[in-house]
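If you look up TrEMBL, you'll see 7-164 marked as domain 'Glycerol-3-phosphate dehydrogenase NAD-dependent N-terminal'. Residues or ranges marked as NADPH binding site by TrEMBL: Ser15, Trp16, Arg36, Tyr53, Lys110, Ala145, Arg260, Val284, Glu286. Annotation comment: TrEMBL describes Lys110, Arg260, Asn261 as substrate binding site. Positions annotated as sn-glycerol 3-phosphate binding site by TrEMBL: Lys110, Gly141, Ser143, Lys196, Asp249, Ser259, Arg260, Asn261. Per TrEMBL, the feature domain 'Glycerol-3-phosphate dehydrogenase NAD-dependent C-terminal' maps to 185-325. According to TrEMBL, the active site, proton acceptor annotation covers Lys196.
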Amino acid sequence: MKGQEQSIAVVGAGSWGTALSIVLANNGYHVDLYARDEEQKRVINEKKINKRYLSGVELPDNIVAHTSYKDVLEGKKFIILVVPSHAMRETARNIKPFVTENTIVTHATKGIELNTYKRMSEVIHEEIPALFPERILVLSGPSHAEEVSRKMPTTVVISGKETSIAEEVQDIFINNDFRVYTNSDVVGTEVAGSLKNIIALGAGLSDGLEFGDNAKAALITRGLTEISRLGIEMGANPLTFLGLAGVGDLVVTCTSQHSRNWRAGYMLGKGKNLEMVLEEMGMVVEGVKTTKAAYHLSQQLNVKMPITNELFKVLFENKNPKSAVNDLMGRVKTHETEWVFNDYR
């Protein structure tokens, strides 16, 4: 066991935060997990389950839940943030008093902040300016919490500006069930992880409308084009979109019923409106807010994103999903390849 009495802080006791806590605990680390309410804390600590977010999975004894930031964060070198994108700014403010020059903050959130259009690492740095950017990392890739928590083979990427720091985070997570690569493209990794949720909504919508495999394959492929367009405009390396954070996460999110975004899209395709879908889901569907953020960001940066545009109209302007698909298919003909790989900022 490589943990040997070292404690790690995980903020966010949802399905993904719990799954990552299990990985760390199985590696021998003591995990202090921040939960939002006393009842969730009690159930995790006494029954060793997280019934609401990850039912049927027994939690290791070395995961201990708290409702106090001080109990979770004080003295920790590694802090893992696993909260919804809309909660990241407030969370960063809350952890700020416990961050030192030696702290390494890794987030595993796939979303863009609404209204500011900031990536999560930018939000964290804005709220904790004393934390150098190279000490803010992102974990992303094809990784459903349900499978990770059951030790099913999973591969992800840790992205950080300084390789040696990224390798430190790689070391605390990696094991025979959870393989971890590193890269240095934080922008691309965050953009890919966020925007794939939009395409997953579209994939679920397509399946709900029973459009078949051809349509979904085209949606995934052209969706990757849109993700890459916006990412490159924001300064990402195009190659990142061909890796785990890009193609890998996109495929798993668009083809699996584990995906909240796919399920939300599927229900929309079956005729439910957005309000009904979100109420029935009872969990955060990042793709909804990300669609709005990406739509406005693409307008601001003058980036063509036709799939995102049509999904925005379906979600927020009550456009009929079949009409949206017809409009996508009826656009002016164009060439498929749009850039060369050495032409990025």
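Glycine residues also receive a Cβ, built from the backbone N, Cα and C atoms like all the rest.
All TrEMBL annotations are machine predictions without curation.
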Mean pLDDT over the domain 'Glycerol-3-phosphate dehydrogenase NAD-dependent N-terminal' (7-164): what is the value?
97
Within 10 Å of Glu286 (NADPH binding site), Cα to Cα, which of the binding-site residues Gly141, Ser143, Asp249, Ser259 are there?
none
Sequence gap of 6 or more, Cβ distance under 8 Å: name the residues on the same chain that satisfy this around Gly141 (sn-glycerol 3-phosphate binding site), in order along the sequence.
Thr154, Thr155, Val156, Val157, Gly193, Leu244, Ala245, Gly248, Asp249
Taking each of Ser15, Arg36, Arg260 in turn, which of these binding-site residues have a Cα lying within 10 angstroms of the Cα of Lys196 (sn-glycerol 3-phosphate binding site)?
none
Between Asn261 (substrate binding site) and Ser15 (NADPH binding site), what is the CA-CA distance rounded to a whole number of Å?
14
What are the DSSP helix/strand/coil residue counts across the domain 'Glycerol-3-phosphate dehydrogenase NAD-dependent C-terminal' (185-325)?
111 helix, 0 strand, 30 coil
Between Arg260 (NADPH binding site) and Ser143 (sn-glycerol 3-phosphate binding site), find the distance joining the two CA atoms and give it rounded to the nearest Å.
13
Max Cα-Cα distance in Å among Ser15, Trp16, Arg36, Tyr53, Lys110, Ala145, Arg260, Val284, Glu286, the residues listed as binding NADPH?
21
Just report the maximum Cα pair distance in Å for the recorded sn-glycerol 3-phosphate binders Lys110, Gly141, Ser143, Lys196, Asp249, Ser259, Arg260, Asn261, no decimals.
16
Binding-site residues: Arg36, Lys110 - member with fewest neighbouring CB atoms within 10 Å:
Arg36
Substrate site shell beyond Lys110, Arg260, Asn261, criterion: Cβ within 8 Å of Cβ centroid:
Asn197, Ala200, Thr253, Ser259, Val284, Val285, Glu286, Gly287
Measuring Cα to Cα, how far is Ser143 (sn-glycerol 3-phosphate binding site) from Arg36 (NADPH binding site) in Å?
24
Could you measure between Ser259 (sn-glycerol 3-phosphate binding site) and Arg36 (NADPH binding site) for me? Cα positions, answer in whole angstrom.
23
